[in-house]
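Trainee: Submitted below is the structure of interest, expressed as C-alpha cells.
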Amino acid sequence: MRNLPIIALDFKSADEVHTFLNKFNEPLCVKIGMELFYQTGPALIKSIKKRGHDIFLDLKLHDIPNTVSKAMEGLARLDIDLVNVHAAGGIKMMEEAKKGLRKHNADIKIIAVTQLTSTTERQLHEEQNIQTSIEEAVLNYARLTKKAGLDGVVCSPLEAKMISKELGSDFLKVTPGIRPKGAARNDQQRITTPEEAKTLGSTHIVVGRPITQSEHPIDSYHKIKESWLS
C-alpha cells in the first residue's frame, strides 16, 4: 500500500465512485467499506484496480475462526492491497484469517481494528464492560494482533505513538479520525490533523468526508497529501 492518504469512498453506488475518481489524474489509495462493497461486490474492485489505484477493503471481519478463514480465502482472490478483521475476535480468529488469506495471496497486508474512533470511554466502560482506559484497551488489542502475526492495526492517531513504542515502528498503524484544521468532527471522537498523525507515528491515514464531500475534492486531497508527506 503506497504511503498516500487513503480516501474513504463512502458512496452508495459504483456510478458515484467513478464520478468521483474521474476527477483525479493520478494513482490513489482508496478504502472500500461495508456499505459500498455489499452494494457493488467484487466488480467495483476490478474496475478501480484497472485505474491503477491501491485498495484497502475495510470489512472488519469478526466471526468464528473457521468462518473468517474461509471468507479470507475468497477475499484473497480479489486484487486488493489491505484487508482487516476485528481484534476482538481473538488470537485464534486472527491467525486463521491470515492462514486463509495466505492460501491464495502472499502479498495482501492484513490488520486488525482495535477500537473504533467513534468509541468514547463511557461506551467502553458501560457498553463493552471494559474497565480500563481506551488507550490500554487499544494497546491490549494491538498486542494480541502482533502475537497473531498480523501486519498492524487500525487505531486512532492518538494511540499510534504508544503502539510504536511497544510493538515497533514497522507495525502498521492505519489511522482514521483524520480532520484538517477547522473541519467538522462528524461522528469521529478521537481525531487529529494529518500533521499530528504523522508526528504521533501513524503509518497510513484514512480520510473520507473532508475530501469526498468537499466542494473542491482535488484541492482538498492535495492539501491533505501535502501536509501528510511534508
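Cβ coordinates are placed from backbone N, Cα and C, and glycine is handled just like the others.
OK, Swiss-Prot features for this one:
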type	residues	note
BINDING	Asp10, Lys31, 58-67, Thr117, Arg179, Gln188, 208-209	substrate binding site
ACT_SITE	Lys60	active site, proton donor
Trainee: Applying a 10 Å Cβ distance cut-off over all chains shown, what neighbour count does Gly208 (substrate binding site) have?
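Mentor: Excluding its own Cβ, Gly208 (substrate binding site) sees 18 Cβ atoms within 10 Å.
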Trainee: Please list residues from the chain of Pro65 (substrate binding site) whose Cβ is under 8 angstroms from its Cβ, counting only those at least six apart in sequence.
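Mentor: Spatial neighbours, sequence-distant, of Pro65 (substrate binding site): Gly89, Lys92, Met93, Glu95, Glu96, Ala97.
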Trainee: Count the other Cβ atoms sitting within 10 Å of the Cβ of His62 (substrate binding site), across every protein chain shown.
Mentor: 18
Trainee: Excluding near sequence neighbours, so keeping only residues 6 or more apart in the same chain, what lies with its CB under 8 A of Asp10 (substrate binding site)?
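Mentor: Listed in sequence order, they are Gly33, Glu35, Leu36, Gly208, Arg209, Thr212.
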Trainee: For Leu59 (substrate binding site), what residues in its own chain, 6 or more apart in sequence, show a Cβ-Cβ distance under 8 Å?
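Mentor: When sequence neighbours closer than 6 are ignored, Leu59 (substrate binding site) has Gly33, Met34, Phe37, Leu75, Val83, Asn84 within Cβ distance under 8 Å.
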